[in-house]
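Q: According to Swiss-Prot, the record shows the following:
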type     : residues : note
TRANSMEM : 15-35    : transmembrane segment
TRANSMEM : 54-74    : transmembrane segment
TRANSMEM : 92-112   : transmembrane segment
TRANSMEM : 117-137  : transmembrane segment
TRANSMEM : 174-194  : transmembrane segment
TRANSMEM : 215-235  : transmembrane segment
TRANSMEM : 247-267  : transmembrane segment
TRANSMEM : 273-293  : transmembrane segment
Amino acid sequence: MTAQSSFLQLNSIFISILIEAIPFILIGVILSGIIQMFVSEEMIARIMPKNRFLAVLFGALAGVLFPACECGIIPITRRLLLKGVPLHAGVAFMLTAPIINPIVLFSTYIAFGNRWSVVFYRGGLALAVSLIIGVILSYQFKDNQLLKPDEPGHHHHHHGTLLQKLGGTLRHAIDEFFSVGKYLIIGAFIAAAMQTYVKTSTLLAIGQNDVSSSLVMMGLAFVLSLCSEVDAFIASSFSSTFSLGSLIAFLVFGAMVDIKNLLMMLAAFKKRFVFLLITYIVVIVLAGSLLVKG
């Protein structure tokens, strides 16, 4: 590959990642603005279960209602945490929302030739990962682990006329978009560079057994940084090369952690927390993928 052709490939991949991700970032920041202006701390306190296990389950299942990609889920989760949602419930929501929503599950069903087993494995493992991690975090951390746990001037905005609330929603969405947008651009560029200059054949050569093939597919998912609505179509193209377990690892891990949303997490949360969270995700997704047969 010549320098010119590789640059053109990098450029096209970079732009395609941005085009794919920006609509979901917009959805995420708009929902974040709506939560800020229309949802009060009192409302959160009323609906959130006090029991830690029920709170984690509530957060995980709430992901069904939000057709959010992993690109847009960080701003929503951050806003919910600022509104008083416990960390364990917020993280459970953050991990499941990009996977168990109907749009993603339907695209998985179509991509794998109407195989319900793949849908159940993907949704089931995602739910299990989020529940286990949520419970662990409920014992490990007492605060929300945000870098900026409080935002002066961002309280009690839920009072005012509808027009004032809509104006506030728009202002918050714009601020949030520019806040997370720079990390999306950096992440998209790194992902494009790795896709251009790291050969897929190198990764394929490493995956010779169940453990290594799952790790390779998780690494590939991290590098490719695909949105969860389309990643199943890429995963299905590896069906003849990799086991179903490693494909499920690709589908679950990639929707929870990739280059662009890692940078967004580092911008929102404390670094130690992000490191621990990703460690938990890697270990539990890997263990779960080894149990998948088919």
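Heads up, the Cβ atoms here are built off N, Cα and C, so glycines get one too.
Structural setting of the listed features?
A: Beyond the ends of the transmembrane segment (54-74), by six or more residues, the same chain brings 21, 24-29, 31, 48, 85-86, 88-104, 127, 130-131, 134-135, 138, 180, 184, 227-229, 255-256, 258, 260-261, 264-265, 268 to within a C-beta distance below 8 angstroms of the stretch.
Nonlocal intrachain contacts for the transmembrane segment (92-112), taken as residues 6+ away from its ends with a CB within less than 8 angstroms of a stretch CB, comprise 56-57, 59-70, 73-74, 76-77, 80, 85, 118-119, 122-123, 126-127, 129-131, 133-134, 228-230, 232-233, 235-236, 239, 251-252, 255-256, 281.
Listed by sequence, the residues of this chain that lie at least six past the ends of the transmembrane segment (174-194) yet keep a Cβ under 8 A from its Cβ atoms are 10-11, 13-14, 17-18, 21-22, 25-26, 28-29, 32-33, 71, 74-75, 223-225, 258-264, 266-267.
Within its own chain, the transmembrane segment (273-293) is flanked in space by residues 91, 95, 121, 125, 128-129, 132-133, 136-137, 140-141, 145, 210-211, 214-215, 218, 243-246, 248-249, 252-253, 256-257, 262, 265-266, which lie at least six positions past its ends and keep a Cβ under 8 Å from the stretch.
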Q: Top stretch among 117-137, 215-235, 247-267 for CB pairs under 8 A with the transmembrane segment (15-35)?
A: 215-235
